[in-house]
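Asker: Okay, these came from TrEMBL:
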{"type": "BINDING", "residues": "112, 248", "note": "substrate binding site"}
{"type": "BINDING", "residues": "234", "note": "heme binding site"}
Ligand code: HEM
């Protein structure tokens, strides 16, 4: 039973050792993880925004793994709840571009050289996120050959069926014509758009708009759109901050990011729409 509140009470002040808040949130550790490499006052926002995005990547990976597991167990409400949470988190992730979205080239240059060869391209958690979408690639593991703990985690993620794989297998168990070549494909391969999968989504979308399958399709469409927005906001922030210069990670920069942003997430969910 919850105790009745005493209106004259104040928050607890006495604790043995550290506070329960510290033990749970580890706020002191979090707020001492920032080690800017330049004297430029603008670098702190760049570093913290990057760390904040890493935390959101972590939560989103957790949600999509939860959704994939739920679908594997035919628990659609569990999967839908995790997907829904992930769309709120993706919106918060995307909103966190704001502190970096307006950098001029001179402002970015003021700390850019301090970054050395460091690039978001080397984000292992972002890679797991892409793998869950079906964007698998063994070559993306190469940067971690010198970091066995990260390599092992990514290798496991590479060989685990993606969220989209689990969606398509779920649809098959619900009686939809997902071909064996798609259901039993090698998990480490990138998902390639398949005409039979497009047919399935076309029939779902032409049918009852309140069906479980249509609601699942819409939840995934929401995810796909928000991921596309993240990629696009990243591209525009990069274009503003450094024009067409080479990236710190060694890529051609904006030209490379344009190709990445053009990749379709859950492709058949988009192409099927032309036929409904
Ligand atoms: C103004 C700020 C930023 C600029 C100018 C920028 C620039 C770039 C460039 C040029 C690349 C291509 C690889 C390379 O050559 O480095 C890249 C990749 C990437 N960046 Fe950023 N970036 C910025 C902020 C961020 C932030 C805050 C994050 C959050 C973690 C991030 C995450 C990534 C990721 C995940 C990739 C790889 C994308 C993929 O594999 O498709 N970037 N960035």
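For all residues, glycine too, the Cβ spot is worked out from N, Cα and C.
What's the neighbourhood like for these features in this structure?
Answerer: Sequence-distant contacts (6 or more apart, same chain, Cβ under 8 Å) of residue 248 (substrate binding site) comprise 112, 115, 116, 117, 118, 119. According to its DSSP assignment, residue 248 (substrate binding site) is coil.
Every protein chain shown contributes to the tally, and the Cβ of residue 234 (heme binding site) ends up with 19 other Cβ atoms within 10 Å.
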Asker: What is the total of other Cβ atoms whose distance to the Cβ of residue 112 (substrate binding site) is within 10 Å?
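Answerer: Within a 10 Å radius of the Cβ of residue 112 (substrate binding site) lie 19 other Cβ atoms.
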